[in-house]
């Protein structure tokens, strides 16, 4: 009996060692194949800083704050997708950059320029310039077929440590609500991701890119085993649109989903499994309205792909191009029906989602900002994202989160509306704004 036990244990140990060795070889192959395609990104930025001159303050009392410019820098990661040097990274890695440099594992460094960027998905496309060198592109995997438990490999530039490779698994898929408005379908991984990894690839065991590492949850700023990547299918769609049109073109269906669609709500409608996306509003004259979709419909599938949540529905719709026809399966009053509609094109402000006007960073109120600043679904206007402390807006008390609903007695529903009125005002003239927050509304007067 003892001999059998020992033999079995020994055989098991051999098989485990053999399995580990096989895996190790696969990881080594991935590293060897991928490292030439990974870049460390270094940027130079010009940062404006508000300061008070202590000399003036001491001798003359209160002094007006002044703005000075200083040079800043940031580090991130990216990966090559074409032989002529197109590179994918996160938008936040290159945001505000005056110069961009990319460095390969062979120590060669090149200058790069921005081809296009999409702040809503936090994706940017760069292109290496001033060289005839050719580069090794990566291959993308189909992120729709990812499963929890699969190997996940992160390669990047954490804390400036070039070409660092870490290993983990896919911890979850379909995560949402991590600060990027247009992504409700993050990949969660426990592969170590730290500052500097942003923009680098998340890779499967076959060396194919399954996502772009973008965010972490951490109280310390370092890795805690909870990292998030943008799925490769979303990345491909954004990049292909930038390559083809020079901008991101998004499909428009014309529905607004209810995020808090609970299982009890589903049961009350007769849906037993509680899955689907509840339509809370239909936009007039939209593709959805013309096709016959109705408020209260629950979308259960799109082109045969099961819809489990509103986030899932958004991700599926976003995977199509404007002009494509889709089949939507809806549950309505106890019956399922299929409705075909042709997606429209959304004219959005994602290419320039916010703009500085009168010392305020502004953006059209959208669903994410409604939730953040506690505005009702009926509210429309332009949100103040940030206020320059040296500006006249700051001096009269305008703060982050305030909502601009009128400019010079003209109602504004979007940043485009506001800019149209603002651009018609001459320099030196008064600008009358009506602003609100969740507690009050008031008029304020500024000068252009």
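Every residue, even glycine, has its Cβ placed from backbone N, Cα and C.
According to TrEMBL, the protein has these features:
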type     : residues               : note
SIGNAL   : 1-20                   : signal peptide
ACT_SITE : 92                     : active site, charge relay system
BINDING  : 92, 122, 196, 197, 198 : substrate binding site
ACT_SITE : 122                    : active site, charge relay system
ACT_SITE : 198                    : active site, charge relay system
DOMAIN   : 254-334                : domain 'PDZ'
DOMAIN   : 338-439                : domain 'PDZ'
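Sorted by the number of other CB atoms within 10 A, the binding-site residues 197, 198 start with 198, the lowest. The CA atom of residue 198 (substrate binding site) is located 8 Å away from the CA atom of residue 92 (active site, charge relay system). In the three-state DSSP assignment, the secondary structure recorded for residue 92 (active site, charge relay system) is helix.
Mean pLDDT for the domain 'PDZ' (338-439) in this predicted model: 84.
Residues within less than 8 Å, Cβ to Cβ, of residue 196 (substrate binding site) and separated from it by at least 6 positions along the same chain comprise 75, 76, 77, 156, 157, 158, 159, 160, 161. Put simply, the two farthest-apart Cα atoms among 92, 122, 196, 197, 198, the recorded binders of substrate, are 15 Å from each other. A coil conformation is recorded for residue 196 (substrate binding site) in the three-state DSSP classification, outside any helix or strand. Most Cβ neighbours within 10 Å among the recorded positions 92, 122: this distinction goes to 122. Geometry remark: residue 197 (substrate binding site) versus residue 92 (active site, charge relay system), CA distance 12 Å. Between the alpha carbons (Cα) of residue 122 (substrate binding site) and residue 92 (active site, charge relay system) lies a span of roughly 6 Å. Apart from 92, 122, 196, 197, 198, the substrate site neighbourhood in this chain, defined by C-beta within 8 angstroms of the site C-beta centre, holds 76, 77, 89, 90, 93, 195, 199, 200, 213, 214, 215.
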